[in-house]
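Visitor: Supplied in structure tokens, the structure appears directly below.
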There are 4 protein chains.
Amino acid sequence: MRVGVVGASGYVGGEILRLLVSHPHAEITMVTSRQYVGEYISRVQPSLKGFTDLTFSELDYDKLTDKCDLVFTAVPHGTAVDIVKALYDRGMKVIDLSADYRLHNPADYDKWYGWQHPHPELLEKSVFGVPELHREEIKKSQIVSCPGCMAVTSILGLYPLIKKKIIDTEHIVVDSKIGSSGAGAGTVSGTHHAMRSGVIRPYKPAKHRHTGEIEQELSQAAGSKIKVSMSPHAVDIVRGILCTNHVFLKQQVSEMDLWKMYREQYQNERFVRLIRDKKGFYKFPDPKFVVGSNFCDVGFDIDEDNNRLVVLSASDNLMKGAAGSAIQNMNVMAGFNEMEGISYSPLTPV
Amino acid sequence: MRVGVVGASGYVGGEILRLLVSHPHAEITMVTSRQYVGEYISRVQPSLKGFTDLTFSELDYDKLTDKCDLVFTAVPHGTAVDIVKALYDRGMKVIDLSADYRLHNPADYDKWYGWQHPHPELLEKSVFGVPELHREEIKKSQIVSCPGCMAVTSILGLYPLIKKKIIDTEHIVVDSKIGSSGAGAGTVSGTHHAMRSGVIRPYKPAKHRHTGEIEQELSQAAGSKIKVSMSPHAVDIVRGILCTNHVFLKQQVSEMDLWKMYREQYQNERFVRLIRDKKGFYKFPDPKFVVGSNFCDVGFDIDEDNNRLVVLSASDNLMKGAAGSAIQNMNVMAGFNEMEGISYSPLTPV
Amino acid sequence: MRVGVVGASGYVGGEILRLLVSHPHAEITMVTSRQYVGEYISRVQPSLKGFTDLTFSELDYDKLTDKCDLVFTAVPHGTAVDIVKALYDRGMKVIDLSADYRLHNPADYDKWYGWQHPHPELLEKSVFGVPELHREEIKKSQIVSCPGCMAVTSILGLYPLIKKKIIDTEHIVVDSKIGSSGAGAGTVSGTHHAMRSGVIRPYKPAKHRHTGEIEQELSQAAGSKIKVSMSPHAVDIVRGILCTNHVFLKQQVSEMDLWKMYREQYQNERFVRLIRDKKGFYKFPDPKFVVGSNFCDVGFDIDEDNNRLVVLSASDNLMKGAAGSAIQNMNVMAGFNEMEGISYSPLTPV
Amino acid sequence: MRVGVVGASGYVGGEILRLLVSHPHAEITMVTSRQYVGEYISRVQPSLKGFTDLTFSELDYDKLTDKCDLVFTAVPHGTAVDIVKALYDRGMKVIDLSADYRLHNPADYDKWYGWQHPHPELLEKSVFGVPELHREEIKKSQIVSCPGCMAVTSILGLYPLIKKKIIDTEHIVVDSKIGSSGAGAGTVSGTHHAMRSGVIRPYKPAKHRHTGEIEQELSQAAGSKIKVSMSPHAVDIVRGILCTNHVFLKQQVSEMDLWKMYREQYQNERFVRLIRDKKGFYKFPDPKFVVGSNFCDVGFDIDEDNNRLVVLSASDNLMKGAAGSAIQNMNVMAGFNEMEGISYSPLTPV
């Protein structure tokens, strides 16, 4: 399959390239970057030295259409919206990694982004790119919109509970912790190593934009409007995200029943690992143990005193949280084995 | 004032020594460690090289009584309980940094520690060492028990809200993130740098022991039983703790009213800084900006959609979370200026 | 090929397993650990969850001989010496990761390890496992001894200069910097996260044991005795090693000539990347950009003022510095494509 | 003493302010920053919240002259040169933190900075601000130029050896490792946390500018031209620098004689600690154990095999390497106790 990547100078674009150079059924045919036209990719993404001799091109829709069967768009929110439209209009398959096609309801763009979506008619054509939830739709779709890392990680943790309607949906607290690659490659004083190291920095404790995606997907699973209280924090790692999903049980549920619900949901999913151990080193999900892999690890602990359930879900924000999901979606769309090119074990310790 | 430190080979004991060597009214007269008897302190606490020529002694109650006016006990939970009793019986003033005298109700030791307290009669004589809450009692007490770092940080964040009775006390979620010095100096595979770096590791997501202290203090403030849902996480820093306290408002409260409540509570407190900024670098508390200081920074964000209030509280777990509070308590007990020896500004960036 | 791993509970053993589970021509048939007999491997090496259902066995030479065609030994120095001998006597192919068979001259064990080698007759049968230097011998050998990470990284940087005899061999300074996984999984106070984070800790600035391996290989290349002045430092990363090799030129050599020497040596080597860029992000080798890969990146800078050449060489200490080299050696011994199972691109950023 | 700080929005300026707010004899009367005129200092330097209510002013020489007795200039190289001149001409005492007045020979600015110094006549009036070397001159000087962190750390390590003329001055290798605060607060892609974390990044392995300062001072001590081969590396810490000074002995010298030379040089220096321990935790200097203090720790190891001496010197690059030295110089110039305001013990662990 001939593949193009639009906007490949950032961390997510770089990760897509890293996965594609080793993918057995993909050939990278065109890579664009406004900033680096003509430069060797490996100058900007130095770890790819020896893996590709390609250079960055300008964004040219005719060439993309000519050279590629499928295009990944890894440009900032707001920039993707017209590029995806243009490619769609040319009949291309597109996997978008921005937020521009994640929400189905145009009004949600007003609410969360303060922005009127210019192509609302495309929103219903775009599928939310979590194969574990929407595999059949993804197979048939021309546009797949990959979720944010907080969204996919949190959703996979909460989904079975929502579907089984066993939790109080008024008090869902998602406290997430994320590494610095999640902020993108832009340089501001807050991302300077001296300022970003050693932080446990709350950012947007209330009303974070990605809440919208989580509410959309969980509400759809529940068949009713779900409210989510999400608060993200920047912590001193580069890769990885943990969502600590604090929920309150409507009724008493045994640990065994809970595991049963999770197994039922995920038993055939290769990229969701259920983490359950009473002793040993790895009792609960921790992003350290998924780095470099496409896994989302899920586990939980029960707080009987308070009728609380703490669901932990962990992933690599550049893999399952972005580029890994993107390749997984490509595999589904193209009819490849879903694990092709993303079956890596985690790199540990790192 | 002649001061002794029992158990000074760990991180908390080392921090107490570090503060004492520069304290204008304290003289360290005896320092004990079972493991290092006869060794120079600066061999075990190398940053103290040049600040003290003392060596570690064995624990000897007669010598302690003879040489000291006040003793800090910085030994593990369960070990302190008899040492404090012995010192108390000899009439010494004691500031304990273990959990052994924090809970007033003996039954709470059964519940949280699975342990029957051998000296329950002393529990009511011990004061919970947060001067911001119990200054007058501390002045008159012979035993002061310093709180755990999660407890003091969380309590200072939530206290004004509890006192004003404006939050739903059934759904208090305290999600805390803490550095590796909080685990103590013991070496197990989980604290090895290669395994501990890069983690966002949930430990004891439900039923963590320090919940008991928080519930005790908040319940006392509320005049009724308060339940707290606390989940701590180990993150990749050495010093610092952030408590993200998610609470739900019983009624609508304006931002201005909330600040008023916090100012009312803390306006005369030198070690609680209220953090409030709409722009700039430091909008919410972050332990990075209190490292080395005795501050607990407190701030919040309002999530109107969900009637949620996110209260952020941050401190240096070895300072306000342990040794800094201990010196603050000493200052109160001895009638010194409360800031003496702990007025350091944070060390930034570090 | 049926493969066994003796001593697989540490970081190097874990990395060998990680590589083997995805190797197309290798099947793991037996894995031993004294400490964890009967435990699932994935409990000790959590990133392997989902990749293997094997458990740890006791070390049993008959079973190993029966079940395996080749055995990796990843046990501490001093422990490997008899295990390798026993396997050798049973006719097994062995790839040893300890230092016990690296030095060919028994007297060197006295000098560097203060230890009389019990099986000196095997030392000449063991090949130093750097395919870039000894490929043909490795093909025919029954014992291959993988070099230490400092040795292989430094040797690959210096080898072409030594062979060309252009540097002063009395003043070779190798200043190396290495991550915490290089120290092994043992827990001592110096590896505790709180003590190991933030260090730039010189350890053994003079007379470090691994100097012996470097001198052996460079002396062989030079045809005369070479002295190396090596000083390792622990820095705050988990994976990676940089050797800064400071050498003084005997004569003036142009940059172009130097590159020519390096290209001549390494042009057919897939795992040595020459790093040379005047602008852009990656001007000199940096272990950050080889993490997870089997590359050794090599580059240099010329200090005309002092007739000095600074050769930088970087690798992932668990990959090219240990397990990656081990698999590379296995591929050579077995006649597989040398890149099989270790062709990963670096994971960046991480 | 009334003190001004020109350029106080960066890390060095912030550190000067941090020290000044607690200095018993200094009063900050004016603080300038082009970028933040009118802003509260604590918005830009958040750790100072509660310590000062000052705002940033524009650079105004008349006001500075009026309000201050002494001015620190903490602006970039090239910017300081005219500001220092203007203040000098107005009769002010100036302590400059840039490189603009460190070199006494105008030709050295051509060589190392590619820049013709506009005020060469001032170079001989400026004293190189290391009190351990130039205390008497500093007392009488109107301009003191603080050294770079690599320079002061390396010089203090090598000085006694140079003075005693016991080392080969053709092969002095200074391999230094430094934290991210040393690069200043500017934001480029190389300082982004995701790119700067986990590095061991050589920068300018040959011909680094600060070599000039080291050569100047050591040559002066030797009475002859000394060549230094310096190579700095960025490592993953925020604060701290280690210089590994590899030198070759001209003659055999015993360990005892070496310590004697060091003690002779530094016995009355409060800010140089000699580190020497055969066991225990702290055998060689490590910047981890000087963080927050004004110490330069110095130690060594002898490599008899190669006639090499490895001198380790460690400091906090923002303290002894910049702001701490600046305050020390102020104390000397003003006749205060030299330790006033900078007698902090290191903060450990952090």
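Using N, Cα and C of the backbone, Cβ positions are placed for all residues, glycine too.
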Visitor: Among A:ASN317, A:ASN329, A:ASN331, which residue does TrEMBL annotate as binding NADP(+) together with A:SER9, A:GLY10, A:TYR11, A:VAL12?
Guide: A:ASN317
Visitor: For chain D, give the subset of the recorded positions A:TYR11, A:VAL12, A:CYS149 whose C-beta is less than 8 angstroms from one of that chain's C-beta atoms, in sequence order, otherwise 'none'.
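Guide: Out of A:TYR11, A:VAL12, A:CYS149, A:TYR11 lie under 8 Å of chain D.
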Visitor: For the domain 'Semialdehyde dehydrogenase NAD-binding' (A:2-141), what's the model's average pLDDT?
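Guide: A mean pLDDT of 97 is what the model gives the domain 'Semialdehyde dehydrogenase NAD-binding' (A:2-141).
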Visitor: Give me the DSSP three-state residue breakdown of the domain 'Semialdehyde dehydrogenase NAD-binding' (A:2-141), ordered helix, strand, coil.
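Guide: Per DSSP, the residues of the domain 'Semialdehyde dehydrogenase NAD-binding' (A:2-141) fall into 56 helix, 25 strand, 59 coil.
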Visitor: Translate the DSSP assignment of A:ASN317 (NADP(+) binding site) into the three-state scheme.
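Guide: SS state of A:ASN317 (NADP(+) binding site) = coil.
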Visitor: Do you know offhand how many angstrom separate A:VAL12 (NADP(+) binding site) and A:CYS149 (active site) by C-alpha?
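Guide: Pair distance, Cα basis, whole Å: 11 Å.
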Visitor: Pairwise over A:SER9, A:GLY10, A:TYR11, A:VAL12, A:ASN317, annotated as binding NADP(+), what's the top Cα to Cα distance to the nearest Å?
Guide: 17
Visitor: By the count of other Cβ atoms within 10 Å, pick out the sparsest of the binding-site residues A:SER9, A:ASN317.
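Guide: Output over binding-site residues A:SER9, A:ASN317: least Cβ neighbours within 10 Å is A:SER9.
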Visitor: Using the alpha carbons only, what distance in Å do you get between A:TYR11 (NADP(+) binding site) and A:CYS149 (active site) once rounded?
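Guide: Roughly 13 Å, rounded to the nearest whole number.
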Visitor: Hey, how far is A:ASN317 (NADP(+) binding site) from A:CYS149 (active site), Cα to Cα, in Å?
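Guide: Taking the Cα atoms only, A:ASN317 (NADP(+) binding site) lies 5 Å from A:CYS149 (active site).
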Visitor: Provide the list of recorded positions among A:SER9, A:GLY10, A:VAL12, A:CYS149, A:ASN317 whose C-beta sits under 8 Å from chain C at the C-beta level, in sequence order; use 'none' for an empty result.
Guide: none
Visitor: Return the residues near A:GLY10 (NADP(+) binding site) by Cβ distance under 8 Å, restricted to its own chain and a separation of at least 6 in sequence.
Guide: A:ALA74, A:GLY184, A:ALA185
Visitor: Rounded to a whole number, how many Å is the Cα of A:SER9 (NADP(+) binding site) away from the Cα of A:CYS149 (active site)?
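Guide: So the Cα of A:CYS149 (active site) lies 19 Å away from that of A:SER9 (NADP(+) binding site).
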